[in-house]
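*Asks:* So that we are looking at the same thing, I have put the structure below in structure tokens.
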Amino acid sequence: MTIYEGNYNGQGKKIAIVTSRFNEFITSKLLSGAEDMLIRHGVARENIDVIWVPGAFEIPYITKRAVHSQKYDGVITLGTVIRGATTHYDYVCNEVSKGVAQVGMNSNIPVLFGVLTTESIEQAVERAGTKAGNKGAETALGLLEMISLNEQFHVESVGMN
């Protein structure tokens, strides 16, 4: 039996972090957590590119562009969608999650989903560095592990867009 496991060594890795400006009071904390975690694990600050987009809905498009640039070993997506009084929340959450998943499945590099989808501002604050940890930092750690696993397979996928 062969067991594959990733590690968290970020040395020499180039990372893109696509971040939504909407709800920036939360996303900026997620971004800080992600950057800090990457740097702690050996990613050089100059090898981290932050790409700001207007809102969560725009994340998949720019993520796809970042992947196709072939400049990165992996991409993190960060955003915050907080339920309001209308159904807008449901549409945005569904489309951003499907879009990021589709980009990831059609990519040769890991693309991780760090978009918070919460019922309240309080839940978002908790996940941006208070009671529930920092989901940006957790996503960054997951990305490093996935980059390591990806490198273990050296598979060129056919038909990647």
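Backbone N, Cα and C define each Cβ position, glycine as well.
Just lifted these from Swiss-Prot, have a look:
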type	residues	note
BINDING	Phe22, Ala56, Phe57, Glu58, Thr80, Val81, Ile82, Phe113	5-amino-6-(D-ribitylamino)uracil binding site
BINDING	Ala85, Thr86, Arg127	(2S)-2-hydroxy-3-oxobutyl phosphate binding site
ACT_SITE	His88	active site, proton donor
*Asks:* Identify, in sequence order, the residues in the chain of Ile82 (5-amino-6-(D-ribitylamino)uracil binding site) that are 6 or more apart from it along the sequence and have a CB within less than 8 Å of its CB; answer 'none' if there are none.
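*Replies:* Counting only residues 6 or more apart in sequence, the Cβ neighbours of Ile82 (5-amino-6-(D-ribitylamino)uracil binding site) under 8 Å are Asn23, Tyr89, Thr118, Glu119, Ser120, Ile121, Gln123, Ala124.
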*Asks:* A 10 Å Cβ contact count, applied to the recorded positions His88, Arg127: which residue has the minimum?
*Replies:* His88
*Asks:* Just the number: how many Å between the Cα atoms of Ala85 ((2S)-2-hydroxy-3-oxobutyl phosphate binding site) and Ala56 (5-amino-6-(D-ribitylamino)uracil binding site)?
*Replies:* 18
*Asks:* Can you tell me which of the recorded positions Thr86, His88, Arg127 is spatially closest to Phe113 (5-amino-6-(D-ribitylamino)uracil binding site)? Compare CA atoms only.
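*Replies:* Of all the candidates listed, Arg127 is nearest in space.
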*Asks:* Which of the binding-site residues Phe57, Glu58, Arg127 has its Cα closest in space to the Cα of the residue listed as 'active site, proton donor'?
*Replies:* Phe57
*Asks:* Rank the binding-site residues Phe22, Phe113 by how many other Cβ atoms lie within 10 Å of each Cβ and give me the one with the fewest.
*Replies:* Phe22
*Asks:* Measure the Cβ-based neighbour count of Ala85 ((2S)-2-hydroxy-3-oxobutyl phosphate binding site), defined as the other Cβ atoms within 10 Å of its Cβ.
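*Replies:* Neighbour count, Cβ to Cβ under the 10 Å cut-off: 6.
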*Asks:* Can you give me the Cα-Cα distance between Val81 (5-amino-6-(D-ribitylamino)uracil binding site) and Arg127 ((2S)-2-hydroxy-3-oxobutyl phosphate binding site) in Å, rounded to a whole number?
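*Replies:* Per the Cα atoms, Val81 (5-amino-6-(D-ribitylamino)uracil binding site) and Arg127 ((2S)-2-hydroxy-3-oxobutyl phosphate binding site) stand 12 Å apart.
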*Asks:* What's the most sparsely packed of the binding-site residues Ala56, Val81, counting other C-beta atoms within 10 A?
*Replies:* Val81
*Asks:* Give the residue from the binding-site residues Thr80, Thr86 that has the most other Cβ atoms within 10 Å of its Cβ, counting over every protein chain displayed.
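*Replies:* Comparing the binding-site residues Thr80, Thr86, the most crowded Cβ belongs to Thr80.
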*Asks:* So if I draw a 10 Å sphere around the Cβ of Glu58 (5-amino-6-(D-ribitylamino)uracil binding site), how many other Cβ atoms end up inside it?
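*Replies:* For Glu58 (5-amino-6-(D-ribitylamino)uracil binding site), the count of other Cβ atoms within 10 Å is 18.
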